[in-house]
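> Here's a structure for you.
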């Protein structure tokens, strides 16, 4: 696998390090997963309720959603590098300030600012791949980028659990600040400008957004896709309380369990990339949703029967996130196929809707004790809502391949 997206490989104008694009994207999403094992410890340090720190997850996800809508048009108008440098610097500074926070409310404000900065890398990295690639090369580049990104959620809770156990919750923020500083330095020294600033582009992007929002097909696939791919943030928000307070695990151990849960998304995504050569997107979508829904009902039965244990809960949630990994690429493919001429805007808006659904789900889990039954209800509700939204829509698109169905296989 090449270290760079290069001219000889897929027709770029200048070499762009794929590892740097992956690192930029990973920083934004890692901020969600790596701090999850530290929620209970941080709440105790602030003398706050656990629900106040759970709100921080919701605010972080809202920051990612809003930031993706803003940074895309800004990068079209002013160029990729300035927006990336600014976003990475904000992420770094907000991480450092969060490590010195004196209250839960101030900490949550810092986390929102952190997400705004981190979202720049999430949306612009995908845009850069399209900037420097031919249509054929873009597919392979995005597939490799996605697989790199999916490694982070699995490792994040494990790293976070280790750090909070041995260095305190502040050590996680310091690590994030260090990663942001290194990304900023790498962007300044290694990343060329790949876009052509155009003052009129923002109007075009907003026009695309308006057209997509009013499309019933796009709305169904985007909202349904958000329910499928980020509705489970309800469990992610409640997980520290479930593992640490209900089951009595240490932050270190709960981080390992969360890592296994999140690894399911990677397994599902990898499986989807293989099955996509033989299955159409609607079939993949149905399989993923049904697998996740079955796992959610299994989770409900485990807690109602009193048989729930850390291993059983982790195993069922692993199956749930496998379904997420299977359905996610299909939902994105179907959403962006609604208006192929506006792929970039559709991708950004889809990502923002994903994060918005995730934020609502994470906030909902803060109600009701340790959030266990509320989180399970949200998991089940999101999957049922997704199936209802998708019903009848997929049949109108005869055969939509998944994003990595052809050329990703050639690049493998």
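From the backbone N, Cα and C atoms, a Cβ is placed for every residue, glycine too.
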> According to TrEMBL, transmembrane segment applies to one of these ranges: 237-254, 255-272. Which one is it?
255-272
> Report, as numbers and ranges, which residues of the same chain sit near the transmembrane segment (311-335): CB under 8 Å and 6 or more residues beyond its ends.
150, 218, 221-222, 224-225, 228-229, 232, 235, 242, 257, 260-273, 275-276, 281-282, 284-285, 287-296, 298-299, 302, 346-347, 350, 379, 386, 393-394, 397, 400-404
> Given the cut-off of 8 Å on Cβ pairs that are 6 or more apart in sequence, determine whether the transmembrane segment (212-235) and the transmembrane segment (284-305) share at least 3 such pairs.
yes
> For the transmembrane segment (255-272) and the transmembrane segment (18-47), decide whether they are in contact, meaning at least 3 CB pairs lie under 8 A, counting pairs 6 or more apart in sequence.
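In this chain the transmembrane segment (255-272) contacts the transmembrane segment (18-47) - 3 or more Cβ pairs sit under 8 Å.
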> Determine which residues of the chain contact the transmembrane segment (169-191) at the Cβ level, with the cut-off under 8 Å and only residues 6 or more beyond its ends counted.
16-17, 20, 23-24, 27, 30-31, 34-35, 38, 41-42, 45, 80-81, 84-85, 88-89, 91-93, 95-96, 98-100, 114, 117-118, 121, 159-160, 163
> With CB pairs under 8 Å as the measure, which of the listed stretches 53-71, 112-129, 284-305 comes out on top against the transmembrane segment (347-367)?
53-71
> So what's the average pLDDT for the domain 'Major facilitator superfamily (MFS) profile' (17-395)?
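The answer is 85, the mean pLDDT of the model over that range.
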